[in-house]
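Worksheet: one structure, shown below.
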Amino acid sequence: MRSNSTSVTVSAPIMEKSTAFSSSKRFEVMAKFLHQRLQQSKWLEEYHENMYFGTANLGAFVRRPDGSYAKTTQNPAVLKAVETISATVAFTMSCDSVSVLMETLEKDQTEVPFMDGTSLLIAPSVTDVINNGMYAHQGHMSVLCKREHFILICASSPPELLAQATALEAHLVGEIWGQPIMAPPAPAYNPVDFVPRSNSVPNVNMMPVSFGDHPDLSLHPSVQRNMSVGDASHMTRPTSAYVQPMYQTHQNNQGFQNFQFGQPQQQQLMPPQRRPSTDVYGHSRSVSNTTINYFSKAAAKELASSTSMPVLPMPIHKMSRRSSMADPFAQHKMSTVDSLSAMNSRRMNSVADYAARKMSTIDPFHKSESSKGPSRSQSVSGPDRRKSTSGHNRSSSAGAGGAMRQSSTTSIGSVPEDEVPEMAQFPRRPSMAKARNSSVSSTYMGGYRGSVSHDIEKMVQFVERAMELEEEGPEDEVRQRDMPRVFLLEHACCVAIAGGLVCVLQVWCAAKLMQQWRLDGGCLRWALLATIPFFAAFSMFFMVVIAGSFFQIFGPLGFMQKNTVYYSSKAPKFTEHDGEELPHITIQMPVYKEGLKGVIVPTITSVLKAVNYYQAHGGTATIMVADDGMQLITEELQEARKVFYELHNIAWVARPKQCTTPGPDFFLRKGKFKKASNLNYALHFSGRVEDEFLEQLEKRAKEQLCTVEDLSVEDEEELLEVARQIVEETDNGRTWSAGDVRIGEFILLIDSDTQVPETCLLAGALELMESPEVAIIQHSSGVMNMTGNPFENGIHYFTDLVYTSISHTVGAGDVAPFVGHNAFLRWKAIQSIAFEEDGRTKFWSENHVSEDFDVALRLQMQHFYVRMAGYHNNEFKEGVSLTIYDELARWEKYAYGCNELIFNPLIYWPTRGLFTPLFLRFLGSNIKITSKFTILAYIGTYYAIGVGFPLSLLNYFLAGWEFQLDQYYQTSWHIFVGLCIVYSILSPIAFAMLRYRMGQATYIEALCTCAKWMPLFILFFGGLSFHICKALTCHFLSINIEWTTTAKELEKTGFKIGLDRVVRDFWHMYVVMIPIAAMMVYLALYAPRGYMIRDFTVIVPLANAVGCHALLPFVLGLF
């Protein structure tokens, strides 16, 4: 007779190196390791259709001894749920099977039944899990949260967590497929007659586990057994009633106490009867009684003296202390940077492969043997690795006592030597045959295949040490952070050539005046010399393009791979900052009336990935939204935004709506472009809250007769909320806000339609730490396509062209620009250029449309640097203009901003002079001369475009009616031909060669791409002059003009809608263009002799300008 009591002896997990690392590092590393394993298993997939879902909800949790959690997620509600359950480990599961399951759920469905009789509970949200204890049972739980769109899985150890997830996913897929499938490896042995199963997790039984001060990172051998789903009759619905086991102890041969499960008492409540283990395929069998050597001595004694099952300790939250008032976020930080978290992806993969090999139950070299005596599957130390080939005959085999079941062998010794792949990355062992005989198994997991030695710890240490040596490099090699950043002169040479060409051109024109003066002696023509400064400014950028094109084709490109004063091509190395504390970063994002689902949610989701990554490496970061549309949208949308911000722990500030009526509600949103005043209001509010918070801390410290540093974290959080409410009351409730609105040491400024790389916060913080002289790090950006329409694709290409060209010039030694977003700002540097206006401290100029250009100039005049970074390979993504109307408004805004930086309005010329004080300070500043030249060339571009149409019209009459012109005068035809050659031929060829040399595309491909978009550029820039001229004129004449934010989502379009907008927005342009076109036809065909203008070289420049202006709205904006 075979006993129904299955007997398996399991040795206790030994952790020899448990004291080698600090507790904080151990739990942080474990959380990150679990997160990576879960990502590799595709259990942390995003679901963008739900506004409550995002990266902030997804992650892993590992409980520390003090009850707090090492986590890789930012959702406070999920953390609260895990704390309420008091699980040792947990994670949020979201995958394709969950997404498909969500689509099939009914509105009031409370559980998902599975084919084996088990079920998965459903909760409306995580909040219901927190408030309802029915979901938790001794720390084990699985529940589907509908609103967050994930399954919350909690367990008491990492192996059990992964086993629950694999079993649950198998059941979900089987439910979708319509029939049971072979489940992945899962625990085969558990004292199921005595220990309750995990609530709502099918086919997973929880083992009694001891819980100490450190997580059990070892993997129990029972986890390495297969679980068959072929016959699920032995499965039952989970029940809360279970039989209390009777523990008996005896001494094993090692002297440790073992625990023996005896028979339950008859008077106790019995669970539903299960089939005996001899009838359950996949369970190991033995003739001996069940013994488990799973606990340490201390735990064994405690358990032997106890009358109840071991339970999870409740979390104990210790009172953290504020470490320093200099850093208001110090209590949220780790003490130092975790050196273990600096492991690169290869090192983490090696550790992940090691864990995968220990958990693997797959033997690719398995061969069945039917007549070789007892197999390894019958041994207590060898898992049963047979496939379910006799699942359908189980009843008969069970009746026969399992005599017909074949045994299997997993020993690698039975595998031919030529079929066993060896690991080249490990050192050769003395005897390969002996090593293979001592090998535990052969695995194929995570892309790795090979024999696994029993001495796996030494092998992993060898690989990790090799990787550390590879990262560190030779001992005599200088660290990257200590290498001096060189000051390159390539750009200076290019600017010198461009400046020389400008001088040559103007001197040649002046030589013409000299020649004519020597012929006729007329001195009046010398008045034309007054035009030299203007036309020199117009031609500066033209000459820079010519010189730069030759440098792009023939010049060096090695500087693109170096870190220089103004350019960073290599990211800082995290390993060089081991032990340094990472600063707090505030991600600031101004928003207006953008859509929550289409714009804000994707941006926040992207940012939260970077926040998680930064926090996983020891830093802290918060998001603060300057919401300028909160008080302007409907109440429903307001509530949706507030809920979304609260769900993701986002701070926000919303200023009052504009009211010009005198009274208590009077408020002006200053500025032609409201971004600067919005940022100023948020920063000013943040400063007031910080000041009030410090006062509240002092008061509380006096009340408790202690120092501010002795106050607890709970006190600080409470006082921060009190301070924010006091400041709101000071504003009479007109300012709306929530969350921690304080500013960190660094600021990442982004737009509402932005995607950021996951590692950007860590890289930006390290570079600013290495370079205290840098105030702004501007990142090169790519484009995030929203609609994919032809116009957006064309602007996409133009934006890539601009950023590539800027990266080339900055890498060659030019000063980096600041474009107002996707940039890291040093908060102390921004504070150094603050000024008082209207009774408030302001940082951004509200009197300039180009507030970013103004800030960059003021910072450089304060001896700070603006640097550009290209090491993220354009992974920063920004939205571009979706319509021609937004793009024209953007160019008008830039032109207006540049003009107000240089010139005062005409009305102030008598009192203030022509030039602004800022421009005069810029000319006299210590900014290098070549950078001043390029800045002036860039500004001069807008003037050159703006005067293009008026000068073409003037040239039409002067040259067409053959006025007596001096040779100094250059006709529009000459300029038109020069522009066509440079911008339509030379520049595309040079840019295609630059892309080819940088490895972005083949030369033919790059050249074809340039040619494809050339018609669009000709039409757009040909029709741009009138709009730039309008913006410049409005500033000179003090005519009020304002712009709203660029549309982030495509609005309704169509022929009628497009025609209505063309008429509404461009009627004033057609009032000018239509008469000019009619005049040209009349002068060419019907004018009296002497007034006719038929010269081809006179007509073409003006006809091109009029035609492009007239066609631009219809061709690019009608549909």
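In case you wondered, yes, glycine gets a Cβ from its N, Cα and C as well.
Not measured: the values here are computed from a predicted model.
Residues or ranges marked as domain 'DUF7928' by TrEMBL: 26-179. Per TrEMBL, the feature region 'Disordered' maps to 264-285, 362-438. The annotation transmembrane segment is assigned in TrEMBL to 488-511, 523-551, 906-923, 935-959, 971-994, 1006-1028, 1067-1086, 1098-1118. According to TrEMBL, the feature domain 'Glycosyltransferase 2-like' maps to 746-953.
Remote same-chain residues near the transmembrane segment (488-511) are listed as 529, 532, 535-536, 539-540, 543-544, 546-548, 551, 555-556, 559, 564-565, 809-814, 930, 933-934, 937, 968, 970 (criterion: CB distance under 8 Å, separation of at least six residues from the stretch ends). By the Cβ criterion (under 8 Å, sequence separation of 6 or more), the transmembrane segment (1098-1118) is not in contact with the transmembrane segment (523-551), since fewer than 3 such pairs are found. Packing against the transmembrane segment (971-994) from elsewhere in the chain are residues 542, 545-546, 548-550, 552-553, 801, 804-805, 808, 951-952, 955-956, 959, 1003, 1006-1007, 1009-1011, 1014, 1017-1018, 1021, 1097-1098, 1100-1102, 1104: each is 6 or more residues past its ends and has a CB under 8 Å from a CB in it. Confidence over the domain 'DUF7928' (26-179), given as mean pLDDT on the 0 to 100 scale, stands at 81.
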